[in-house]
Amino acid sequence: MSSNSGIQIPSRLPLLLTHEGVLLPGSTMRISVETARNMHLVKNRLLKGTSLKSTIIGVIPNTRDPEHDTEDLPTLHSIGTAGLAVQVVGSNWPKPHYTLLITGLCRFRVAQLLKEGPFPVAEVEQLDKLEQYTSPEEMSEAAGPEGELGELSKRFYQAAVQLVGMLDMSVPVVAKLRRLLDSLPRETLPDVLASMIHTSNKEKLQVLDAVSLEERFKKTLPLLTRQIEGLKLLQKTRKLRPDDNKRVLAVRKGGVLPGHQFSLDEEGEDEDGDDTAVLERKVKGANMPQPALRVCLKELKRLKKMPQSMPEYALTRNYLDLMVELPWSKSTTDCLDIHAARVLLDSDHYAMEKLKRRVLEYLAVRQLKSTLKGPILCFVGPPGVGKTSVGRSIARTLGREFHRIALGGVCDQSDIRGHTQCKCFYICSCIMKYAFLLLCVNCAPNTESLLCPPDSHQVLDPEQNHSFTDHYLNVAFDLSQVLFIATANSTATIPPALLDRMEVLQVQGYTQEEKVEIAHRHLIPHQLEQHGLTPQQLQIPQDTTQDIISKYTREAGVRSLERKIGAICRAVAVKVAEGHTVTKSEAAPAESTPQGAEHGEGKRGRRGEEPDGVSADMAAPPDMPIVIDHIALKDILGPHVFEMEVSERLTLPGVAVGLAWTPLGGEIMFVEASRMEGEGQLTLTGQLGDVMKESAHLAMSWLRSNAKTYQLTNMVGGSDPLEGTDIHLHFPAGAVTKDGPSAGVTMVTVLASLFSGRLVRSDVAMTGEITLRGLVLPVGGIKDKVLAAHRAGVKRVIIPKRNEKDLEEIPANVRVELDFVTASNLDEVLNAAFDGGFPGMSNPLTLPHIVSKL
Ligand SMILES: Nc1ncnc2c1ncn2[C@@H]1O[C@H](COP(=O)(O)OP(=O)(O)OP(=O)(O)O)[C@@H](O)[C@H]1O
């Protein structure tokens with residue numbers, strides 16, 4: 001079917017070789033141009049040409065062009081489509097290429113290849129008419145009386161109309177397509193529809209090759225029918241889907257479908273299947289009180305309506321999961337046996353008599369009255385003295401689970417009461433989860449603002465926590481069965497409202513002897529077990545333990561001590577393990593390793609393994625147990641960390657030892673003073689608080705007012721110590737903030753030493769508040785301070801007279817080793833601090849008693 005009339009395409013056409021896709025006349029296609037030959041065509045013809053003719057090219061399908069134009073031109077498909085390049089877009093990424101938008105005009109046959117490079121050009125023969133298409137009626141006429149072509153085209157048109165009607169498109173679009181279909185000449189319909197419907201490249205190529213119109217109709221009609229059938233099937237399945245939805249809904253709602261019994265149990269715990277139904281079941285089975293159940297069901301209803309992709313879905317889901325998890329109606333029965341509790345507490349902890357007695361009283365009352373809304377016990381003491389450990393023992397005694405919540409770093413009440421539902425961090429919900437357990441709440445110093453708002457101590461308050469409501473769950477929960485025990489390093493940072501609701505039990509630091517006992521009864525056996533060692537393998541004598549305590553640790557508790565013992569165990573474990581390895585390698589016959597005896601320790605001491613039973617190694621000590629003496633100790637732990645430095649530092653006037661209390665226990669503190677020419681200024685350094693600064697001024701004033709009495713002089717020998725002199729008072733460990741009045745007596749002693757040029761006794765430490773009149777007032781933390789002095793090797797401790805009663809708390813062995821001076825005024829302090837006393841000219845102790853005449 002050649003065309004002799006109408007619009008003609010050029011007889012010479014540049015050829016674009018494509019591999020993917022087939023351009024059919026009447027359709028538009030995007031073609032990517034990458035090969036060298038095609039690129040040349042675009043550059044030299046399409047981009048350079050200016051006439052309409054220059055934009056017409058021949059597209060030859062199904063031809064993969066080689067990458068380089070030097071290679072031979074492949075065999076070309078004989079029929080192609082002349083197309084109009086509507087758009088050319090160039091890009092450099094990922095490699096230079098063009099994208100062409102081409103509209104197919106008509107078929108052509110390659111008559112003769114004119115040239116191959118840089119792009120092929122061919123003499124072509126146009127196969128389709130481009131103009132003067134016949135109208136549908138003319139088409140029927142042209143088809144002849146037999147009308148086979150007419151019949152075909154009619155069937156084709158009807159199928160096309162049916163197809164357009166079945167498309168899943170909006171009504172206006174369908175109407176538009178329909179109009180287009182009516183306006184198009186019938187002979188173009190096969191090409192246009194073949195490019196529209198789902199067809200493979202092979203099928204499209206067949207359509208392209210069908211030059212005769214009749215053949216083209218015949219080739220395309222089955223493709224069209226296939227598409228229609230496919231759409232029909234699709235529509236059928238879509239019609240089924242609403243039923244399916246109903247079915248799923250019925251299952252979700254726990255409904256029953258006719259003919260099949262669906263039960264939720266059948267689904268099991270399949271989360272993907274229908275997890276809201278499972279959740280609903282759990283909510284109903286959680287035994288929660290009515291108000292909580294109502295809230296849960298309401299949330300569940302909301303959850304069901306939410307799409308899973310919604311962020312709130314996860315929040316609500318988490319909330320419901322937590323509500324279900326809470327032990328609403330679960331409780332444990334306390335198994336209380338006071339005798340067993342006493343045995344357990346004693347076996348778990350050495351010393352701590354006062355604390356253990358109070359705990360037993362508490363447990364005894366609980367045994368008699370199980371609904372005791374007793375006080376919350378709060379153990380206060382330095383770190384590592386066993387506060388948490390006692391809490392754990394109480395839990396064991398009661399048969400409750402133990403859980404520890406550290407409130408360190410919690411500084412917002414919403415961390416206690418929870419946030420709104422958008423946040424999930426909530427301590428109370430944690431507490432609720434562990435309800436009926438014993439809880440040890442660690443009130444760390446930085447929890448100052450914790451529980452400060454008036455209602456937030458409700459968590460701990462036994463009078464209020466039966467209906468505790470937090471911000472997250474927002475439903476009342478009974479916390480009254482939770483047994484709280486609080487621990488803290490200092491009461492100073494616990495808010496008064498909370499402190500008022502707790503019974504504070506002080507846990508003091510340990511003496512050296514107590515530590516030795518704790519180490520041998522608890523820490524060493526525990527560490528041996530932790531490291532897989534036995535007492536037959538490692539022995540730490542008491543002397544060594546004492547060395548560890550005095551030379552490697554300085555603490556009120558026993559945590560560092562336990563760590564050091566752990567370090568020894570690790571070192572020994574290596575030796576033991578090495579020994580094992582040697583034993584294994586030596587399992588070979590003794591003759592094969594005649595030099596075995598030279599292998600050192602591993603071989604040396606292994607009893608019963610000496611070759612031939614010779615007693616050559618009899619002089620060497622046995623391999624096991626490894627005994628840690630002071631040489632081994634130094635080898636494992638390194639040089640001593642702490643020294644008894646008191647005497648060494650008191651070699652100049654103007655230095656004295658004070659006793660301080662910190663949340664970490666008692667400590668000794670060297671106070672230093674120096675003077676220089678100046679204008680009578682007092683400089684204080686060492687991060688002192690206001691109270692301590694005031695104490696320094698008090699001490700200075702008292703000494704100035706009593707300078708004559710004690711013959712104190714300034715640098716030039718004048719009677720006012722401050723005249724022409726500047727004083728500097730320093731409290732070492734300058735990075736640590738210090739405050740409190742108890743360093744008053746030490747400051748007076750230091751300054752008295754400085755002004756008198758006399759040395760303070762090197763074995764004295766002191767504590768006490770002073771007044772302007774020279775009285776010594778009582779201070780706190782005496783036990784910890786005295787223990788610190790004892791640890792540091794001090795022999796004499798000066799304390800306020802009114803603190804004498806506190807000496808009873810000090811273990812007898814420490815009391816025996818220390819000389820206590822109880823002072824009620826500064827004169828007594830100075831007399832005790834200096835060798836030979838500190839007599840002044842008008843010292844009331846040395847002057848005759850003057851009787852008042854008034
Ligand atoms: N009297 C004791 N008898 C036996 N072991 C003890 C004793 N005191 C402390 N310990 C041991 O010391 C270690 C530290 O104790 P624990 O954790 O209870 O200290 P804590 O006082 O709670 O410290 P913190 O204030 O830092 O929380 C534990 O291994 C504990 O068993």
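Using the three backbone atoms N, Cα and C, a Cβ is placed for every residue, glycine included.
Summarised as a single figure, the pLDDT of the domain 'Lon N-terminal' (13-228) averages 81. Residues or ranges marked as domain 'Lon N-terminal' by TrEMBL: 13-228.
Residues or ranges marked as ATP binding site by TrEMBL: G381, P382, P383, G384, V385, G386, K387, T388. For G381 (ATP binding site), the number of other Cβ atoms no farther than 10 Å from its own Cβ, over all displayed protein chains, is 24.
What TrEMBL lists as region 'Disordered' is 581-621.
TrEMBL lists 598-610 with the feature compositional bias 'Basic and acidic residues'.
Sequence annotations record features per position, and here TrEMBL assigns domain 'Lon proteolytic' to 650-836.
Residues or ranges marked as active site by TrEMBL: S742 (among others). Neighbour list (S742 (active site), Cβ cut-off 8 Å, at least 6 residues apart, same chain): G658, L659, A660, W661, T767, G768, E769, V779, G780, G781.
Among the features that TrEMBL reports, active site is placed at K785 (among others). Around K785 (active site), the same-chain residues at least 6 positions away in sequence with a Cβ under 8 Å from its Cβ are L659, A660, W661, G666, T767, V797.
Following the DSSP three-state reduction, the secondary structure of K387 (ATP binding site) is helix.
Checking the recorded positions P382, T388, S742, K785 against ligand 1, the ones whose Cβ sits under 6 Å from it are T388. Counting only residues at least six positions away in the same chain, the Cβ atoms of H349, M352, V507, G557, V558 sit under 8 Å from the Cβ of G386 (ATP binding site).
Of all the Cβ atoms in the protein chains shown, 22 others lie within 10 Å of the Cβ of G384 (ATP binding site). Here the binding-site residues are P382, V385, and the one with the most other Cβ atoms within 10 Å of its Cβ is V385. Using a 10 Å radius centred on the Cβ of T388 (ATP binding site) and all shown protein chains, the other Cβ atoms total 18. For the ATP site, the Cβ centre of G381, P382, P383, G384, V385, G386, K387, T388 serves as reference, and the other residues of the chain with Cβ at most 8 Å from it are F379, S389, T487, N489, V507, A556, G557.
Cβ neighbour count for P383 (ATP binding site) (all protein chains, 10 Å cutoff from its Cβ): 18. Remark: K387 (ATP binding site) has F379, V380, G381, T487, V507 as non-local neighbours, by Cβ distance under 8 Å and separation of at least 6 in sequence.
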